[in-house]
Amino acid sequence: MSWDQVWIDVNLATMDPSISAPYGAITNAAIAVKDGKIAWLGPRSELPAFDVLSIPVYRGKGGWITPGLIDAHTHLIFAGNRANEFELRLQGASYEEIARSGGGIISTVKACREADEAELFELGRQRLNALAKEGVTTVEIKSGYGLDTETELKILRVARELGKHHHVDVKTTFLGAHAIPPEYKDNSDGYVDLIINKMLPAVIAENLADAVDVFCENIAFNLEQTERVLSAAKAAGLEIKLHAEQLTNMGGSALAARLGAKSVDHIEYLDEAGVKALSESGTCAVLLPGAFYFLRETQKPPVDLLRQYGVPMVLASDFNPGSSPICSTLLMLNMGCTLFRLTPEEALTGLTLNAAKALGIEDNVGSLVVGKQADFCLWDIVTPAQLAYSYGVNPCKDVVKNGKLVHQ
């Protein structure tokens with residue numbers, strides 16, 4: 001066989017649903033790569049003969065290979081920090097109170113408007129490197145800290161540039177509808193007009209976004225405004241998603257499902273009717289335990305109902321300066337289990353196959369299947385559950401991206 005590389009002495013957590021074993025596991029396995037794709041995988045005993053003198057062979061020392069991790073919800077590009085708000089919350093101020101007093105997202109908006117692209121790129125690069133060291137091979141990055149045309153475009157340009165200069169694939173999401181900017185404080189509908197009539201066309205003209213998102217909440221955009229933005233995005237051929245039911249149950253998830261959204265994110269206050277709507281539309285539920293933990297929330301997402309209705313559950317970092325300044329997907333695995341009572345297998349599925357579904361890229365990544373992109377990680381672990389069980393010592397030993405060894 002003519003391959004570019006072969007990995008032996010490994011166990012595979014393929015996350016392939018067609019394999020009945022937990023994690024889609026194949027023990028005592030091997031995997032071969034050709035032209036950036038997975039060319040063969042299976043039990044080591046069934047590996048076809050190949051020229052060991054001309055093809056690089058990597059020995060996994062009994063470790064586990066998983067698909068590359070996918071962080072499907074981040075706000076990775078921002079300037080400044082909000083440590084002062086952290087102190088205020090510890091003194092009793094709520095997220096909503098801080099936002100209504102001009103803090104929260106708006107304080108980060110000011111810092112981002114003042115920062116240039118070079119500064120934002122370097123900050124984003126450092127954060128992306130941190131995720132990459134934990135086995136992340138694909139990441140979604142949202143805008144939303146500009147809230148004017150110039151700065152929203154600036155953030156999205158930086159995200160695109162990061163994708164060009166880093167081995168991690170970057171998917172971009174336009175989140176101009178993240179908050180009401182100060183200049184539109186008494187005219188939120190006017191700001192929605194700006195998003196639809198000026199921002200969105202400018203984003204499309206430069207091909208800066210793969211999807212459009214809205215923060216549907218009582219401190220941000222109402223249902224009617226949300227539908228206007230998402231409908232405009234959908235009409236333009238972009239994927240849509242939604243921050244929904246984080247602080248209250250406004251019915252945003254049902255709206256997103258009706259419009260065919262790829263995902264609804266946060267969903268702590270999602271009810272059974274909303275879960276049923278997601279199930280019927282195939283929309284993913286993105287769980288964000290970092291924000292739940294950092295904001296010290298008590299209302300948990302309805303995991304049992306999501307299981308009951310077969311809604312794909314995704315885990316993501318929601319890395320951002322205000323509600324989840326936690327740049328770690330491995331910690332999300334642990335939090336997903338300890339805070340939301342996911343099983344370790346559900347948690348890992350949420351950072352691989354289901355995360356790919358939330359981004360619409362499941363045909364190419366998210367599981368180890370012949371023909372898919374060769375994005376995978378070798379972990380120094382004895383069982384896949386160990387990734388969720390233990391935190392603090394990074395067990396990621398090697399990362400292969402598009403068939404190339406990028407971290408060793």
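Here the Cβ of each residue, glycine as well, is placed from N, Cα and C on the backbone.
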Candidates R82, R100, R125, the one Swiss-Prot lists with Y145, H178, Q246, S323 as binding 4-imidazolone-5-propanoate: R82
Listed in Swiss-Prot for the Fe(3+) site shared with H73, H75, H243, one of D318, D363, D375: D318
Minimum Cα separation from R82 (4-imidazolone-5-propanoate binding site), reported as the residue among binding-site residues H73, H75, H243, D318, G322 that achieves it: G322
Other CB atoms, at most 10 A from the CB of N320 (N-formimidoyl-L-glutamate binding site): 25
Distance, N320 (N-formimidoyl-L-glutamate binding site) to H73 (Zn(2+) binding site) (CA atoms, angstrom): 10
Beyond the site residues Y145, N320, G322: chain residues whose C-beta lies within 8 Å of the centroid, for N-formimidoyl-L-glutamate: H75, F78, R82, I105, T108, G144, P321, S323
S323 (4-imidazolone-5-propanoate binding site) - helix vs strand vs coil (DSSP): coil
Recorded 4-imidazolone-5-propanoate site residues R82, Y145, H178, Q246, S323, farthest C-alpha pair in Å: 20
